[in-house]
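To start, the structure under review is shown below, and the notes come after it.
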């Protein structure tokens, strides 16, 4: 009997019948030379971690024994040991360079929707005005070199017609960018859509999706990511950057034999590449390593931890050298708050955590319901139309509101901002009372008309973001979820922060404020509330905890705000878990039907191995291959009649004692090869899996020895093994199949 994990033959577990005896002796046969294809895996199958690890141990042992024989072998052994670090260096350099390219291109194309720089069309709005000599500090975003589309087309930028023209150009550019993105994805690399993290989690758990991390996917994902972000859709580039970095890792693995030929070793590299991806997405190298460990990796040995750390460091260093934002920072929203937080503020922080958990659960349920609808109805047949409709709705609703018109990263940067004397944002338009000011730190002040305008504009932006993100995530364009989730939380946080600030200003003599809010002192930082809200909503959607807090403090440089961030992240996880156990990535894995055994999930089976194995009581008898009495024709008939991915090899039909396990793919390749290359192999030739074959009569056809493709030590459990233990064995050892025996 056999327990099976993988896409073939059935999802989940399936079973056949056999027993257990291990052999170790080697036999010389025509398969002495390894055949191309034997020992490899088919697409949409699960790898055998145990077999891959033992292969690597054998390879390592061979290199170690040879290294004592000659200097050349010693050099080869040293280069083999060093190849992993060299690979990490290359991944870091490539991932950092691509991230810098994506950041710069997306910034320029986002600004292209509003106008053009006359001094050089390749400058974005900010860089255009930096180079201008006529820019004043108050109007630093206005300069004669930058002209809006209405100024370029009709010569002036004021009036209703100019506004309508700018509006039209904004929507037109958004539609052009999203149309190009969806056509490129559809035509060249269908795997380039979405965020890619659910699939990467599945691949790292040992599943094979050929082409998902290939060169076409990398090229198209990089180009379409810039287009999708620039189109103004409610999506981020952070999740897809993990996919881009993993593509870099997979492609660079082909330069080294050690990683090219071993699927388990390659997955260690991909874990490190995922860390490099988060490192460049957020400028958070340590957060990247923790993200890979907590969220995406299935198998994470200590060696991978160091290598991930190195890859993330190199990637962050490369991005910092490119300096895509021109501010010597790795991210767009680096902030420095100057005021300490007070213990009583933990109450609003926990409220933000509760909101994050509720919104995360609402988002996951709504998005999965919509994606299921897309899969099961006609909607899924028109991906281009869907993208264009969502883009048009987003652009038409976004343009009138300045907070939705700007890119989401800029919006978060604005919301995190701590108002100082030099800020001219609407959110910082307070009623000035400079008599009580000391130094350049502004005291608490009454909100001016600008702040009130900003509040209702942000409330409208929140409604748009909350609902439009549900329809955007999962479309046939690259779409990340980190930035839209953070934007929702940051808006709610900023609204609450301004509310608290005004409450403290007008009622500073209340008991709760009197302890730490004296008149004219700055005691509440609205930007901090935005930061905590962003962490809470991101935690509610992804269910990250440790890595989330580390990413947030690396992202913003706010080291002393770790406790508020931890409180919000934990609260949001508790609230979200109480409503539904799955994060967004696990929910998408389940929706797509990938075979993924979640390490964090508890299984409470009361069954035994014999209850879930196949064949069951009324099923046809077990398909087995005998060790020395079946012909080529018999084996080919079994292969054609069944869809199993492998077969137990037993002593004989009568004595079903297990000899070993043979994979279907290896059998097919070996028989085809023998028919072509070995004389006398015909349909009536007998196949032997034993060490010694009995003497044959002279008239009989040649026999085929396939001992070398037989796995002589398949993993076995008895039929009375409890199912929880079986599931644990599959999870912890990464098994592909497990044989169930009764009295051997």
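The backbone N, Cα and C atoms fix where each Cβ goes, and this holds for glycine too.
Residues annotated as transmembrane segment in TrEMBL: 82-102 (among others). Within its own chain, the transmembrane segment (82-102) has Cβ neighbours under 8 Å at 222, 225-226, 229, 237, 241, 244-245, 248-249, 252-253, 255-256, 258-259, 269, 272-273, 276-277, 279-281, 303, 307, 310-319, 321-324, counting only residues six or more beyond its boundaries.
Taken from TrEMBL, the feature transmembrane segment applies to 167-192 (among others). Residues 109, 112-114, 149-150, 199, 209, 211-212, 214, 216-217, 219-221, 223-224, 227-228, 230-233, 383-384, 387-388, 391-392, 394-396, 399-400, 405, 475-478 of the same chain lie 6 or more positions beyond the ends of the transmembrane segment (167-192) yet place their CB under 8 Å from a CB of it.
Remote same-chain residues near the transmembrane segment (213-235) are listed as 98, 101-102, 105-106, 109-110, 112-113, 170, 173-175, 177-178, 180-182, 184-185, 188-189, 191-192, 196, 203, 241, 243-244, 246-251, 270, 390-391, 394-395, 398, 405, 407-408, 464-465, 468-469, 472-473, 477-481, 483-484 (criterion: CB distance under 8 Å, separation of at least six residues from the stretch ends). According to TrEMBL, the feature transmembrane segment maps to 213-235 (among others).
As annotated by TrEMBL, transmembrane segment applies to 241-257 (among others).
Residues or ranges marked as transmembrane segment by TrEMBL: 269-293 (among others). The list of residues near the transmembrane segment (269-293) in space but at least 6 beyond its ends in sequence, with Cβ under 8 angstroms from a Cβ of it, reads 84, 87-88, 91-92, 95-96, 99-100, 200, 203-204, 213, 237-239, 241-246, 248-250, 253, 259, 299-300, 304-305, 307-316, 318-320, 329-331, 334, 482, 544, 546-548, 550-551, 554-555.
Per TrEMBL, transmembrane segment is recorded for 343-362 (among others).
Sequence annotations record features per position, and here TrEMBL assigns transmembrane segment to 382-399 (among others).
Counting residues 6+ beyond its ends, the transmembrane segment (454-475) has Cβ neighbours under 8 Å at 182, 193-195, 233-235, 359, 363, 366-367, 370-371, 374, 383, 386-387, 390, 393-394, 397-398, 401-404, 411, 415, 425-427, 429, 481, 484-485, 487-488, 491-492, 494-495, 498, 584, 588 in the same chain. What TrEMBL lists as transmembrane segment is 454-475 (among others).
The transmembrane segment annotation in TrEMBL covers 481-500 (among others). Below 8 angstroms of C-beta separation, residues 195, 234-239, 281-282, 345, 348, 351-352, 355-356, 359-360, 363, 408-409, 411-412, 415-416, 427, 447, 451, 455, 458-459, 461-462, 465-466, 469, 472-473, 524-538, 540-542, 584 of the same chain, each at least six residues beyond the ends of the transmembrane segment (481-500), sit close to that stretch.
Residues or ranges marked as domain 'CBS' in TrEMBL: 613-677. DSSP places the residues of the domain 'CBS' (613-677) in helix, strand and coil in these numbers: 24 helix, 16 strand, 25 coil.
Counting only same-chain residues 6+ beyond the ends of the transmembrane segment (241-257), those with a CB under 8 A from a CB of the stretch are 83, 87, 90-91, 94-95, 98-99, 102, 195-197, 199-200, 203, 213-215, 217-218, 221-222, 225, 266, 269-270, 272-274, 276-278, 280-281, 296, 315, 478, 480. Sequence-distant contacts of the transmembrane segment (382-399), counting only residues of its own chain at least 6 positions beyond either end whose CB sits under 8 Å from a CB of the stretch, comprise 167, 170-171, 174-175, 178-179, 181-183, 186, 231-234, 374, 405, 464, 468, 471-472, 475-477. Distant neighbours of the transmembrane segment (343-362): 466, 485, 488-489, 492-493, 496, 500, 512, 515-516, 524, 529, 532-533, 535-543, 563-564, 567-580, 584; these residues of the same chain sit at least 6 beyond its ends, with a Cβ under 8 Å from one of its Cβ atoms.
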